[in-house]
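See below for the structure under consideration.
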Amino acid sequence: MSLPIDDIRRLSDLHPKPQGISYQYGTAGFRTLGKVLDSVLFRVGVLAALRSKKLDGKTIGVMVTASHNPEPDNGVKLVDPRGEMLETSWESHATVLANTSSTDEFISALQDFIKTTDIDISKPAKVVYARDTRPSGPALVAALEDGLKATGAEGRNAGVTTTPILHYLVRTINTKGTKQSYGVDTEEGYYTKLSSAFNKLVGRPPRPPLVIDCANGVGALAARGLSRYLVNSLPVQLENTAIDTPGALNNSCGADFVKVNQKLPPSLTDVLHPGQRACSLDGDADRLIYFYLDERSQFHLLDGDKITTVVASFIVELVKAVGLDERLKVGVVQTAYANGNSTKYLSERLPVKCVPTGVKHLHHAAEKYDIGVYFEANGHGTVVFSQPAQDLIFSHQPSTPTQSTALVHLQNVLNVINQTVGDALSDMLLVEAVLAHKSYGGAEWDSLYTDLPNRLVKVVVPDRNIFKTEDAERRLVRPGGLQTKIDELVNVYTGGRSFVRPSGTEDVVRVYAEAASRPQADELAFRVAGLVYDLAGGDPSQRPKEFL
């Protein structure tokens, strides 16, 4: 059997690549303005089919979303059979295929690719796909479907849903009927699995309602669906649910807005009462940020670092209570952006590893532990359990009633977690279960440690590629001499820490700084940014005013 060239040619001609635009497949897949992605979606359809054939007909996932980006943007990413991100070596293939300038060039590149990667075209191909609520979504899904049609792949449209639900569906479809079965492969199956574990974990009268900011995105639909199963355990109040209002998605709301601006979404000003718990999802519901108002109505952020500390500490306590602390190693994975005081708090209790920024680095490092906890400060993260750890947790025979209770809790913690990917709703249930067990409100949780004040500054540079880092992006190797100057500056500030890393997608360099006080953190960030600007050869007349 050979590649159906005629079908690919006919359908590819309906989706020509725009001139003068180049695409890059990164950690988040392809992501740019929705109006220029038509050809990319067609080609991703073809690529997803080939990925499935390469993996012996296993189902591959495709998610059409741009997550926390503004509404005009869109994107697409592939999901491998266990619900994990696309194998890194295929990212460059995706980039090459997306950038071929014509149908003939695309077909030629496809044939080379099939030969190089030794794909058996006669194998079946299955793909499950979904999209978020962006207006550009339906047309992009139609282009994707043409790519599937061109290769004769069997497609399953999961409709409008969250990124984590799509990852869950991929894993459940591929493990159905096996020892590693992950659940029922429907959206209802997802709600049932998570809520059933949560209800067993909490099993007590409901706490005060949780306010959920749904970012006017697809998370509003999923939160509403999930809430039907939580009536007796977790009353919720859904806000920012205007998924049909043009321009509303992620606009002055959502996890990214709250984290970056460190303030309440304006739409919640008259909604949230002092002491009440609240959280924000992002546009595709894979990030979660908590916050609360104290009795003086002051805003307090509970970000991914705060989530890591409360979740990891709880899991360590459960493992110890079950009597498995000698057999199960729990570890935490962070990036350089993690607040210094969170790292200090965690390091006193369990192993902590720092890795370069990016979910794939965090996820892979977390998999090296029996139980690995990772959350980026932006609220994206999860907990992963190795297969031997899962087997042990479900086969262990407790010897006391206390151990027995703790073991059931640990089993339900495992089931409430979506291990495939960061999942705002699953993480929310996990946090709520921990808070219920600890009888914590926002203030008690927040008091575990105090964040060092920090500041993130973006510096536009002529060429980001002159910046090279080491030590999990915490130190600069190039340009030469810059790290020494940063060290000298940092030493001037109490509790000072700063690092510089180039963006992966644009000619900017990000400068992070923290210090014992807010004015010191701001001053350190801007002084380091000034160093970067001068050494990167920036035009002095363009030097931002804050740096002077």
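Glycine too: its Cβ is placed from the backbone N, Cα and C atoms.
Listed features, source TrEMBL:
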- 59-91: domain 'Alpha-D-phosphohexomutase alpha/beta/alpha' (DOMAIN)
- Ser67, Asp282, Asp284, Asp286: Mg(2+) binding site (BINDING)
- Ser67: active site, phosphoserine intermediate (ACT_SITE)
- 108-177: domain 'Alpha-D-phosphohexomutase alpha/beta/alpha' (DOMAIN)
- 184-288: domain 'Phosphoacetylglucosamine mutase AMG1' (DOMAIN)
- 303-440: domain 'Phosphoacetylglucosamine mutase AMG1' (DOMAIN)
- Glu376, Ala377, Asn378, Arg501, Pro502, Ser503, Gly504, Thr505, Arg510: substrate binding site (BINDING)
- 456-529: domain 'Alpha-D-phosphohexomutase C-terminal' (DOMAIN)
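Structure with TrEMBL features highlighted.
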residue: Ser67; record: Mg(2+) binding site; contacts (Cβ under 8 Å, 6+ apart): Ala28, Arg31, Gly75, Thr163, Asp282, Gly283, Asp284, Asp286, Arg287
residue: Glu376; record: substrate binding site; contacts (Cβ under 8 Å, 6+ apart): Gly304, Thr335, Tyr337, Thr357, Val359, Leu362
residue: Asn378; record: substrate binding site; contacts (Cβ under 8 Å, 6+ apart): Ala255, Asp256, Lys259, Arg287, Ile289, Asp303, Gly304
residue: Pro502; record: substrate binding site; contacts (Cβ under 8 Å, 6+ apart): Arg464, Asn465, Phe467, Thr469, Val508, Val509, Arg510
residue: Gly504; record: substrate binding site; contacts (Cβ under 8 Å, 6+ apart): Gly26, Thr27, Gly358
8 Å Cβ shell about Ser67, Asp282, Asp284, Asp286 centroid, Mg(2+) site members excluded: Thr65, His68, Asp132, Thr162, Thr163, Gly217, Gly219, Ala255, Leu281, Gly283, Ala285, Arg287, His380, Ala424
Summary of DSSP states over the domain 'Alpha-D-phosphohexomutase C-terminal' (456-529), given as helix, strand and coil counts: 24 helix, 25 strand, 25 coil
Surrounding CB atoms that lie within 10 Å of the CB of Asp282 (Mg(2+) binding site), all protein chains: 34
Model confidence over the domain 'Phosphoacetylglucosamine mutase AMG1' (303-440), averaged pLDDT: 95
